[in-house]
Each structure stands twice: as C-alpha cells, then as structure tokens.
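Asks: The annotation domain 'Guanylate kinase-like' is assigned in TrEMBL to 5-183. According to TrEMBL, the ATP binding site annotation covers GLY12, PRO13, SER14, GLY15, ALA16, GLY17, LYS18, GLY19.
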Amino acid sequence: MNDPGLLIVVSGPSGAGKGTICNALRKRFPNIYYSISMTTREPRNGEVDGINYFFTDNLHFEELIRIDSFLEYAQVYEHYYGTPKEYVFNMLQQGKNVMLEIDIQGAMQIKNKYPKAVFIYVIPPSLDVLTNRLKSRHTDSANVIARRLAKVKDELEWLSEYEYVVINDELELAVERAAAIIVAEQCKVSRNHHLITSIHAQFKD
C-alpha cells in the first residue's frame, strides 16, 4: 500500500510567476498532477468534460455544496467553480501528488478541510518588480494593474497562514526552491508510514 500523495497548494499575486513555476514543477516531477475543477459555466470550444473541467449545472453544484463535496469553491459572477473532494482524495490515495494553483480564499478553505496539504506562497522580490511584470504583459489597463497591486497588500496579511514562501527573483532559482520544498515534504517521517512499517517488518524477520 502506498502512502498518500501530497496536496500542493500554490498561491501568489498576479504576476508573481506561480503558473510558470507550477508548470516547471510538473515537468520535473512526473508524479504531480493538476486537479480538475468543476464548473457550472458552459464548455468553451475544444474543452472536454473530465479533462479541462467537470461540467455540471447550478442545481447539482449546489447539492454538492450542501453535502460538503468540495475542498473549496467560489461563485464568480453567475458561475460556480470548485475542487471536488472525492476526485482529489482518490488521486492522493493512489500515491499521486496533486497541485492546485489557487487564490488565498480557496487555499484557506482547503486548509480548514485538509491541513496536511503543503501551502506555498510565491512572491516577487519587490513591488517594483511586480509592477514591471504586470506592465510588461501588456494585457491589463493601468486601472486593472492598480487594482491588482492594491490587492497584494491585503493578500500579504494572510502570508503567515502558509508554510513556505518562494521568492521569485530568478525563475530557475525559484523553481529549485519550490522543488526543494516538495522533496523535503516527501521525505517527512509522517508521510512515509507504510514504507517505514515495511522496513521495520523486514528487520523483525
């Protein structure tokens, strides 16, 4: 029997580089999988149920909320989005590591329901660096950038709820730091019960 995999929760402000770091970690660790969210919005062109999202309707989603079937969920305008608890737990019980790139509100919901998860917050080295990254993307207006930067100050109040912080000053170094966290967590005695029990049994024989 395998020990459960890691549930890795990654958060950080827009422009911190968390998505790039998560993609690099997936390439480095073949046993890391992205969770699939459930949503009530209509599928977009090319999206496949069970691959991109689990698609459902409001009535079913609200029933799942009622019976506590989500690790976290949120309503964005008229649509629901959530992380199905059963799907994630099944993956973990198979020994697979599951990674979620999610905002602080969702991360705190997960922490309340699954405190054994690994919580990583990605942050740039300075406000100036973050501002320059947001501007260089050329995807947001000045007003949107200002709102994103104002939100960072509020988010930092929650930083103490995370176990780890990764400073993304240089991408390669940031990936190495995040990878080191995952390796360290995988080596914890508390996460290797079945392996240690098996080793003990061999010495008893």
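Just so you know, glycine gets a Cβ as well, placed from its N, Cα and C.
Because TrEMBL annotations are produced automatically, they should be read as predictions rather than curated entries.
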Asks: Compile a sequence-ordered list of residues in the same chain as ALA16 (ATP binding site), six or more apart from it, whose Cβ lies below 8 A from its Cβ; state 'none' when nothing qualifies.
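Replies: Sequence-distant Cβ neighbours: VAL122, ILE123, PRO124, LEU130, ARG133, ASN168.
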Asks: Based on DSSP, name the secondary structure state of GLY17 (ATP binding site): helix, strand or coil.
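Replies: It is coil.
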Asks: Inside 8 A of the center formed by the CB atoms of GLY12, PRO13, SER14, GLY15, ALA16, GLY17, LYS18, GLY19, which other residues of the chain have their CB, for the recorded ATP site?
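Replies: Nearby residues not in the site list: VAL122, PRO124, ASN168.
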Asks: So what's the mean pLDDT when you look at the domain 'Guanylate kinase-like' (5-183)?
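Replies: Across the domain 'Guanylate kinase-like' (5-183), the average pLDDT comes out at 93.
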Asks: Including all protein chains shown, what's the count of other C-beta atoms within 10 A of the C-beta of SER14 (ATP binding site)?
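Replies: 20, counting other Cβ atoms within 10 Å of SER14 (ATP binding site).
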Asks: A 10 Å Cβ contact count, applied to the binding-site residues PRO13, GLY15, GLY17, GLY19: which residue has the minimum?
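Replies: Among the binding-site residues PRO13, GLY15, GLY17, GLY19, the sparsest Cβ neighbourhood within 10 Å belongs to GLY19.
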